[in-house]
Amino acid sequence: MPVESGNSAAARQAKQKRKSHSLSIRRTNSTEQDRPTGHREMLEGQDSKLPLSLRSNLLDLFGQIEREFENLYIENLELRREIDSLNERLAGEGQTVDGGDLTKGALKTKASHSTSQLSQKLKTTYKASTSKIVSSFKATTSRAVCQLVKEYVGHRDGIWDLAVTRTQPIVLGTASADHCAMLWSIETGRCLLKYAGHAGSVNSIKFHPTEQMALTASGDQTAHIWRYMVQLPLPQPTADISVSCDDDVDFSDKDEADAEADGVNECPTVRVATTTLKSHQGVVIAADWLVGGRQVVTASWDRAANLYEVETSELVHSLTGHDQELTHCCTHPTQRLVVTSSRDTTFRLWDFRDPSIHSVNVFQGHTDTVTSAVFTAGDNVVSGSDDRTVKVWDLKNMRSPIATIRTDSAVNRISVSATQRIIALPHDNRQVRLFDMTGVRLARLPRSNRQGHRRMVCCSVWNEENQACNLFTCGFDRQAIGWNINIPVLLQEK
């Protein structure tokens, strides 16, 4: 009687496995065909307020879903069997896959050329992943340190925007959905002045470059220019709350208190604007001063941005072209340039350096709403989007971004430090991340129920005049927070 060879016995065994598996699949399918009828008879006997036709459709859909999951489970089992058989083949041919050997050199190979290629790929992947792990450990040896300096509490609704004055006295301004804008002492956290001249949500606040004037944009379809006079109180000692920027202790949310902070009700209130700009037919979402402070630009949900003369309130230009609502506008710190962003996934660069003509360039670098686009102190534009990316552009060559930052949440109104060239990214998921201009992550602000924001972070702004409190953030948890960000030189140079 002839004796079977090892290869033919293995082939026969694999054939029997496939045959038994196909039989099990047919047996399972035949069982599945009988199952919906039993389910339907059982469930139709139960009391339900749903119509019979709707219940029947639901049962059919649930039956299809169950069959799909069962088929996937069967395919998964078959793939596991094939992997096991391949491992047995490799072991029979003398192949060994050992993690220790991968770090020393090539795998031990006694088989075909294809097997050696597989070994080389495994070795390359192992080395690449190991190098990434090592580099990540090196990057965290000098971690940035964040100090929560002060919380500014007093608004009755979410805070959309904030700004810091450019002239003395240096104060913080906040714009809120409670129809008010407030000025705060940075050192003490006390409200110094409240502006209550708008009839809608205050969506934006910006300060005049040289005078004590503020520009606010509102949901009442207007922008207001109003003057302020404040006197700073004596500073009070603050508690030292220093933590690493990568700490992320997530607890349950605090109960939101409706009570205002001490002193908010007693602070002076301004109710009349010096100048009212009202040419828009929709919500005015943002506004900013052009260099010199003689003109302002406003962005609206009516798909247009308007350029006004401050002294006469005259509409100089209506900047049209966006296909959907505008989300933000920003002016260059030293040149007559304006950038507007929109829900149409684009942002536009408007050039007013030549008084006789103005040009416009359209940039399509995002796939979702562009929430903000801002100028830097150099020749760059940084844009953030709901597509969870931030892109850095060179004004001299705007055909493609020079850096792209990918995140795990939508990005709101960003800001860039003029001195350190650090981008602060506020997110929908309550986080605030810091990146350099090349796209390297530097830090993440703490986020817990003890400190940090408890709701969406709407905006961030850098304070170049005060190193003790050099970053401010605000969110829909009704508070603004002042931070001291200490970025080690090693991280800035990396």
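Cβ atoms here come from the backbone N, Cα and C positions, even for glycine.
Please treat TrEMBL annotations as automatic predictions, because they have not gone through curation.
According to TrEMBL, the region 'Disordered' annotation covers 1-48.
What TrEMBL lists as compositional bias 'Polar residues' is 22-31.
Residues or ranges marked as compositional bias 'Basic and acidic residues' by TrEMBL: 32-47.
Under the heading repeat 'WD', TrEMBL lists 195-226 (among others). Long-range Cβ contacts of the repeat 'WD' (195-226) within its own chain (Cβ-Cβ under 8 Å, at least 6 residues beyond either end) map to 157, 160-167, 173-183, 269-278, 280-289, 291-293, 296, 298-300, 308, 310.
When pLDDT values are averaged over the repeat 'WD' (277-318), the model yields 95. Summarising the annotation, TrEMBL assigns repeat 'WD' to 277-318 (among others).
Remote same-chain partners of the repeat 'WD' (319-360), defined as residues 6 or more beyond its termini with a Cβ less than 8 Å from a stretch Cβ, comprise 282, 285-291, 297-307, 366-375, 377, 381, 383, 385, 387, 395, 398, 413, 418. The repeat 'WD' annotation in TrEMBL covers 319-360 (among others).
Positions annotated as repeat 'WD' by TrEMBL: 363-403 (among others). According to DSSP, the repeat 'WD' (363-403) comprises 0 helix, 21 strand, 20 coil.
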